[in-house]
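Report on the structure given below.
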Amino acid sequence: MGYNVTVLAGDGIGPEIMAVTQTVLTQVLAQSEQQIQFNAQLFGGAAIDVTGSPFPPATQAAVATADAVLLGSVGGPKWDEATERPEQGLLALRKQMGVFANVRPVKIFSAVKHLSPLREERLEAVDFVVVRELLGGLYFGEPKYFNEKEGVDTLRYDKASIERIVHYAFKLAATRKGELTSIDKANVLASSKLWRQTVEEIAPLYREVRVTHLYVDAAAMHLIQRPAQFDVIVTENMFGDILSDEASVLGGSLGLLPSSSHAQAGRAALYEPIHGSAPDIAGQDCANPIGMLLSAAMMLRQSFQLEAEATQIETAVETALAAGFLTKDLGGQTSTRAFGAKISELIERSGANVTTNIV
Ligand code: NAD
Ligand code: IPM
Ligand code: MN
């Protein structure tokens, strides 16, 4: 028994941040006498090297029976010219799992907020979530091809796909500050016209939520100029991809942000940091493992209802940052492994405290 987690470490810094995260997960669950079974599988470029495919059948089978999937990152220059790229494997994984709702929380850690290019007062109270549609739009639309004469992608959204992500975002906003910002390009794009119309139709079902529409170009500006005023953002696949990397700058580093991706109720969810495989720093033991660690915490909370254990990881991350344990992207010199060791030490101590209190 126990939780069956398929682990896809992937490429670049993926295996480095995953190693730290698996150690921390094992520790946290052992403390609370829970079992977790990691089922590591080949994925991305690492899978291409061995099998020729970024998402080989054995990995597909493991994912199909998993309670949750934990993913590092995929891709790298080595496979940029491959017939099927590692990134194609990621899209196929998301599709197989049916994870249409990609939830990317953005919060600021006060210990590192001085690293943000924004003035600190603009960061007061920044706490929002980007809900990114993950199975539609330009990523999946057909036709899609390129040849010597042209390159074609198709931006198509059917009504049902818009409805399910918009409902998801309204429900999330209702549990938070009740502010939903829908981001589109309805002044130009047909898919965005349908998107905006659908949001307007659904809005009366959630009277406790206030809706605002923004065009994506203006939204990119507002995210920097008044980030504290956002609560839940809902947007299509590609806009969400771009805006969430932009949002990561607010808190000081792309390496800090986690995500969860959800299918319909009852199906397994996918947890991955929002950043990529960072080939420029891979193999140097200097990647920031926080986005990965916080993704694992989201898994404990959302897939396994282990609220206390999730909080233990989140608190340890905040404490380590406040104590000055900073990886290179945050201007420090702490290695990936040393950061992981600090988290383990903090969890060991907090676990000991819990036991002492019970005694
Ligand atoms: P990237 O996110 O890998 O890196 C962008 C910059 O941020 C780099 O300078 C990198 O060093 C830094 N960075 C990212 N994560 C970091 C971390 N945890 N700690 C410290 N620094 C970090 O984006 P890219 O360079 O545009 O893409 C590299 C590869 O990753 C490409 O092949 C791309 O397709 C792939 N990618 C994969 C995913 C994923 O697996 N989900 C996401 C994005 C990009
Ligand atoms: C992400 C990545 C992926 C995406 C790529 C690697 C396919 O950028 O997870 O944000 O665009 O979804
Ligand atoms: Mn991205």
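Including glycine, each Cβ sits where the backbone N, Cα and C put it.
Note that this is a predicted model, so its numbers are computed, not measured.
The following features are taken from TrEMBL:
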- 4-343: domain 'Isopropylmalate dehydrogenase-like' (DOMAIN)
- Arg94, Arg104, Arg132, Asp217: substrate binding site (BINDING)
- Tyr139: site 'Important for catalysis' (SITE)
- Lys185: site 'Important for catalysis' (SITE)
- Asp217, Asp241, Asp245: Mg(2+) binding site (BINDING)
- Gly276, Ser277, Ala278, Pro279, Asp280, Ile281, Ala282, Gly283, Gln284, Asp285, Cys286, Ala287, Asn288: NAD(+) binding site (BINDING)
Query = Given the binding-site residues Gln284, Asn288, which one is most crowded in terms of C-beta atoms within 10 angstroms?
reply = Asn288
Ask   = Using Cα-Cα distances with a 10 Å cut-off, which of the recorded positions Lys185, Ala282, Gln284, Asn288 are near Asp217 (substrate binding site)?
value = Lys185
Query = Measuring Cα to Cα, how many angstrom lie between Arg94 (substrate binding site) and Tyr139 (site 'Important for catalysis')?
reply = 11
Key: Fewest other Cβ within 10 angstroms of its own Cβ, chosen from the binding-site residues Ala278, Ala282, Cys286   = Ala282
Query = Using DSSP, would you call Ala278 (NAD(+) binding site) helix, strand or coil?
reply = coil
Task = May I ask for the distance between Gly276 (NAD(+) binding site) and Arg132 (substrate binding site), taken between their Cα atoms and rounded to an integer number of Å?
result = 17
Message = Restricting to the recorded positions Lys185, Asp241, Ala278, Asp280, which ones have a CA within 10 Å of the CA of Arg132 (substrate binding site)?
response = Asp241
Request  = Find the average pLDDT over the domain 'Isopropylmalate dehydrogenase-like' (4-343) in the predicted model and report it.
outcome  = 97
Query = In whole Å, how far is Asp241 (Mg(2+) binding site) from Lys185 (site 'Important for catalysis') when you measure between their Cα atoms?
reply = 15
Query = What's the CA-CA gap between Asp245 (Mg(2+) binding site) and Arg104 (substrate binding site) in angstrom, rounded?
reply = 10
Ask   = If you count other Cβ atoms within 10 Å of each one's Cβ, which of the binding-site residues Asp217, Asp241, Asp245, Asp280 has the most?
value = Asp241
